[in-house]
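Below is one structure, written out as structure tokens; comments come after it.
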């Protein structure tokens with residue numbers, strides 16, 4: 001009986017302490033206010049600021065970054081107050097002396113609109129390089145079915161079969177993929193050769 | 001658990017696509033260790049400048065698939081009005097019903113759990129044949145497609161050959 005009571009009080013204590021910890025971790029601004037927001041270590045606060053700027057920019061794409069940052073600073077980083085001020089048309093033009101920090105260099109994309117604007121990727125390798133098909137091109141050029149014939153030697157494992165073994169499935173998938181690329185390449189090679197023949201025939 | 005639902009559904013779609021693949025489409029997980037990352041090959045539709053080409057793409061599925069749609073990105077070069085230069089595909093079937101950035105898509109065209117990978121890939125294939133002029137993702141390609149069709153087609157054809165290493 002005594003044991004049970006002890007565990008009950010400690011349980012209540014844990015719940016209360018847990019609640020406090022959660023409150024401390026997740027709602028720091030409500031308790032500490034804007035000063036704490038600015039006082040945090042700079043990396044975290046700049047990240048929070050950029051997130052706020054981005055969200056406001058999504059709501060009001062016509063606003064520039066500088067104006068948003070100025071309004072955010074005026075309201076002590078409070079997003080709700082900032083959006084309310086923008087909506088009610090009580091925005092101020094930032095003074096000339098206001099020098100906002102530059103936007104960070106490509107942070108991890110957090111929204112689709114950002115990935116959409118991502119810079120051009122470096123030139124992609126072609127399919128032959130990507131799937132390492134160089135060897136297969138060469139010895140495949142003679143007889144078109146040599147690769148397929150060699151690997152699907154087991155009867156019944158035609159390309160469309162579904163194996164219960166995942167490794168076999170993986171192999172079958174890769175084989176279908178490679179065959180599709182090689183077949184397209186062969187066709188294109190033939191087409192280019194035909195075009196060349198036609199061109200030289202005209203001369 | 002949501003994750004196993006997604007996993008089961010993806011495995012089912014993989015099986016259907018393997019046993020009964022639609023013409024010109026190969027798709028499956030890069031490795032079955034992670035069912036949420038797929039790669040797909042789409043054949044360029046015939047009678048278009050994409051004809052003869054093979055276009056690899058990556059499909060990334062969210063954990064709550066099929067409630068939310070996957071994200072599709074072409075991996076190689078592809079010059080098309082509805083594909084961003086970074087490869088991201090912009091097509092209505094990949095947009096969740098609640099999220100219509102352009103305010104013109106019908107809910108029926110957008111993503112819902114009754115759609116599938118197969119339907120996405122078939123839609124993308126027909127998008128290659130018929131670009132959607134209303135939602136240009138690649139402005140340069142859209143402009144060229146509209147104003148200088150011959151140059152656009154030549155550029156696409158050159159890209160097709162480069163992709164095949166020719």
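Quick reminder: no glycine exception, Cβ is built from N, Cα and C everywhere.
TrEMBL annotations: computationally assigned, not manually curated.
Over in TrEMBL, the protein carries these features:
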COMPBIAS  A:97-106  compositional bias 'Pro residues'
COMPBIAS  A:141-154  compositional bias 'Low complexity'
COMPBIAS  A:165-176  compositional bias 'Basic and acidic residues'
DOMAIN    A:48-91  domain 'CUE'
REGION    A:88-127  region 'Disordered'
REGION    A:140-176  region 'Disordered'
TRANSMEM  A:6-26  transmembrane segment
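On the 0 to 100 pLDDT scale, the model's mean across the domain 'CUE' (A:48-91) is 82. In the domain 'CUE' (A:48-91), the DSSP tally of helix, strand and coil residues is 31 helix, 0 strand, 13 coil.
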